[in-house]
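Enquirer: Below is a structure I'd like to ask you about.
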Amino acid sequence: MTTPYLTALSRIAIATVSILSVASCAPVADDVNAATKQKDAANVSAQPSAAAPKNIIMVIADGMGPAYVSAYRYFMDNPDTEAVETTVFDGILVGTVRTYPHQQSGVVTDSAASATAMSTGVKSYNGAVGMGVDKQPLETVLHRAHKLGLKTGLAVTSHIVHATPASYMVANEARGNYAQIADSFYDDRINGEHLADIMLGAGWGHFIREDRNLVELFQADGYQYIDSYDQLSSIDPSVPVLGLFGDGSLPWALDDIDPTRLHTLTKAIVPYLAADTQDSGYFLLLEASQVDWAGHGNDIASAMAEMHDLAKTMEYLVDYVEAHPDTLVILTADHSTGGLTIGAVSDYRWDASYIQNFKKSVPTIAANMLTETDKGQYVSDMFGFALNQQEIDSLDVINADMNPRAVQAILKDIINTRTNTGWTTSGHTAVDVDMFAFGPSAQVFAGNQNNTDIAEKIFTLLDQAHKK
Ligand SMILES: [Zn+2]
């Protein structure tokens, strides 16, 4: 046991000696300069400027408890190296968040109560959108941003009137009142203006209804409407935008023609909002909505695919903030979903190799396999590894009369056993979630905080930077 320890120690010793010898070769003045520069660089990344940011990008990964962030690191690990490589998330972690809702809903929150806490600073009951337990509409950080003259926008992978985006935009006593919430997206005004300059996500059914066509109404008010990803490259930055690319949601990352579609939406919406805002700045809400849905389904393959889309989005934002140091980015989760554990059934093992070559999502594979004659071969092809005989035999009971969820459960049993993934619930849990931030005033979000504190801090930063 002492050998590896000594080896590590001697490695450190060798590294120290080489740094010292390089330093001792350099002229003294240059040496001091280099040291000062290095120290400055360290200070910049560790202690961002105290100045309030001009632009704020709030990213919510729905359902992303801490285990998802760790699992993604193992999922992305290069097995050819001894070290487990870090991910974009590791470099931007600053703290944790307490997620519990108002006392009347206990301690396990839903997405609506948590988003309301983060958008308004008020703890509410599960299901509440933008209002407290007194059911009075509350001002959100998006509303404040609009009042202060900032551009506002949102991009999500669910439909845009789902709990999280809805709680930043409007107020409703129940998250399931989608038609009412969609109506409020159109009807609610601030200073006579629509709430958001750009809205991207899904939601055809909620916006194009028999009783009311909200797409046509937005168009009549000057919005450009787009309904396919390829139109994102040609949006006019001087005109407001409504972009709906699906009905109930965007497809799962594993099924979408664009497996990193949140990244794609982000690459379009950030330059759109940044255009022509020399003085005004912008507030943007992004949501990786389907991490939560993968958690509800206890579906580790989709969970990691959704995390990958989020990671690509965050990598883009890290680069963006490097080039635009007036922008603060905050990432957190509203709660954890599924009680994900990385390792199960008293076996010291978690093996992500079985979910790294998935061709489609489990729900899609489950639906498609019903018409396949060789189900075992089809599932092997879609999973990207060969099923063993016991797994092939477990597919025998599957037939077209079965409940789709029961078919999916059989497939997920195979994956959870192979990877040794544990789940404790198909619902949410009350564990604290991670807090990530970078850019000016990122340090404000360090340490353990309440989800309501996030709204209070954003209100303060918006006022500091923009109140005349
Ligand atoms: Zn959920």
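Easy rule for this one: first residue shown is 1, then count along the chain.
Note: Cβ is positioned from N, Cα and C throughout, glycine not excepted.
Curation does not apply to TrEMBL; its annotations are automatic.
The annotation active site, phosphoserine intermediate is assigned in TrEMBL to Ser111. Residues or ranges marked as Zn(2+) binding site by TrEMBL: Asp62, Asp292, His296, Asp334, His335, His428. Residues annotated as Mg(2+) binding site in TrEMBL: Asp62, His162, Thr164, Glu287. The signal peptide annotation in TrEMBL covers 1-29.
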Enquirer: Just counting, how many other CB atoms are there within 10 A of the CB of the residue listed as 'active site, phosphoserine intermediate'?
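Expert: Neighbour count, Cβ to Cβ under the 10 Å cut-off: 28.
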Enquirer: Using C-alpha atoms only, work out the spacing between His335 (Zn(2+) binding site) and the residue listed as 'active site, phosphoserine intermediate' and round it to an integer in Å.
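Expert: If we compare the Cα positions of His335 (Zn(2+) binding site) and the residue listed as 'active site, phosphoserine intermediate', the gap is 7 Å.
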Enquirer: Based on a Cβ-to-ligand 1 distance below 6 Å, what subset of the binding-site residues His162, Thr164, Glu287, Asp292, Asp334, His335 would you report?
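Expert: Only Asp292 meet the Cβ criterion.
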Enquirer: Tell me which of the recorded positions Ser111, His162, Thr164 ends up closest to His296 (Zn(2+) binding site) in space, Cα to Cα.
Expert: Ser111
Enquirer: Select the closest residue to His428 (Zn(2+) binding site) from the following recorded positions, measuring between CA atoms: Ser111, Thr164, Glu287.
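Expert: Considering only the listed recorded positions, the nearest one is Ser111.
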Enquirer: Where does His335 (Zn(2+) binding site) sit in the DSSP three-state scheme?
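Expert: Coil, per DSSP.
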Enquirer: Within 10 Å of His162 (Mg(2+) binding site) (Cα-Cα), which of the recorded positions Ser111, Asp292, Asp334?
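Expert: So far as Cα distances go, the recorded positions lying within 10 Å of His162 (Mg(2+) binding site) are Ser111.
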Enquirer: Identify, in sequence order, the residues in the chain of Asp334 (Zn(2+) binding site) that are 6 or more apart from it along the sequence and have a CB within less than 8 Å of its CB; answer 'none' if there are none.
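Expert: The list for Asp334 (Zn(2+) binding site) reads Ile60, Asp62, Gly63, Thr99, Thr109, Ser111, Ser114, Ala115, Met118, Thr164, Asp292, Val433, Asn451, given in order along the sequence.
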